[in-house]
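Novice: One structure follows; several queries about it will come next.
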Amino acid sequence: MGKTSKDKRDIYYRKAKEEGWRARSAFKLLQIDSEFNIFDGVTKAVDLCAAPGSWSQVLTRKLNESYKLKNEELKSGTSSSSNDEVNEPPKIIAVDLQAMAPLDGVVQIQGDITKISTAEKIIAYFENSKADLVVCDGAPDVTGLHDMDIYIQSQLLLAALNITTHVIRPGGTFVAKIFRARESSLLYSQLKVFFKYVSCAKPSSSRNSSIEAFVVCKDYSPPDNYIPHMLNPLLTHEPLNYDVLTGINKYVVPFVVCGDLTQPDSDSCYPLSLSGEEYIYKSPIQEPIEAPYEEAIQKELNSNNKKSIKAEPCASEIFYDDDLSLEDFKKSSLEFEKNKEAAGADSQVKQTNIHEDFVNLQLN
């Protein structure tokens, strides 16, 4: 597959490279924001499962734009805020188990979102205040077993929700990836316990063939006397009959498609030259560092190299070319017959009519 084939098949992959995003997933967060305005009033944000960092890039760009705009309004006196109000620069934290290439304006924590120590580091960086926005685009390596993939993703979402309850302020917003399935009602109900508004969003940059969507939870309002704890049993391991759930236990959330009709179709192929502009191939913005699959790729390469070694010719094979004389060919054929007889009657030697092959060769 050539370098340009993926650019043809995936318009958002191409646009991400052209616009400087590390991954095509940046457009998903941008399209969610266009519908829900999740960045309004945000100065502190956390990106869970952040690698390779495209969502952190979006947070940096959007929050810095808001910060500069507010500064200009305060200087010109056109701001609706009080003149005594201090415009704090944005603070952004990216958390992931894997290493991530540095980003300007983003503090990175290489840690586990299921550990209280990670939550403590986030709060410490925010100087004992809490985040306005928490986002999570994490997903497991899919196995192809849909029930298994959906279950693992639900566990990851609930782990993200659990640490979010430690670090988010009341009224804050939480955005996370979800795999839509029959059991989603349980997840929606659990999210509804903590947030006043819960919606399910499907950005146009997310392929129609994918079961992924994103829950957008606004106005964090935990139950009275709720104490965040990493061992909260948010997801029961006991079998449940989802058909008998009623009321809040079977909460139906709005399903919102993000992105207007002018956006490219993520499932379509596009020509390399769009709008008459000359196509120039661009490499990915950030190559993976310390990729978890690096060892598997090396093993595959080593295996392929072993398979590509040319096998030694069998004793029963005769090689000839167009310049071989008839006399030499007869000698080689007689030698072949003698070797075949010496191999014994039990040997499985392929019978070849070499004389007929030679005649056909001469005729052609």
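From the backbone N, Cα and C atoms, a Cβ is placed for every residue, glycine too.
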Novice: Do you know which of Asp10, Asp40, Asp96 TrEMBL groups with Gly53, Trp55, Asp112, Asp137 in the S-adenosyl-L-methionine site?
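Specialist: Within the candidate list, TrEMBL flags Asp96.
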Novice: Given the binding-site residues Asp96, Asp112, which one has the fewest other C-beta atoms within 10 angstroms of its C-beta?
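Specialist: Per-residue Cβ counts within 10 Å for the binding-site residues Asp96, Asp112 bottom out at Asp112.
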Novice: For Trp55 (S-adenosyl-L-methionine binding site), what is the secondary structure by DSSP, using just helix, strand and coil?
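Specialist: Trp55 (S-adenosyl-L-methionine binding site) sits in a helix per DSSP.
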Novice: Which whole number of Å gives the largest C-alpha distance between any two of Gly53, Trp55, Asp96, Asp112, Asp137, the residues noted as binding S-adenosyl-L-methionine?
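Specialist: Among the residues the record ties to S-adenosyl-L-methionine, max Cα distance equals 18 Å.
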Novice: Do you know offhand how many angstrom separate Asp96 (S-adenosyl-L-methionine binding site) and Lys177 (active site, proton acceptor) by C-alpha?
Specialist: 15
Novice: What residues, ordered by sequence, lie under 8 A Cβ-to-Cβ from Asp137 (S-adenosyl-L-methionine binding site) and sit at least six positions away in the same chain?
Specialist: Ser25, Lys28, Leu29, Asp47, Cys49, Ala50, Trp55, Ala176, Lys177
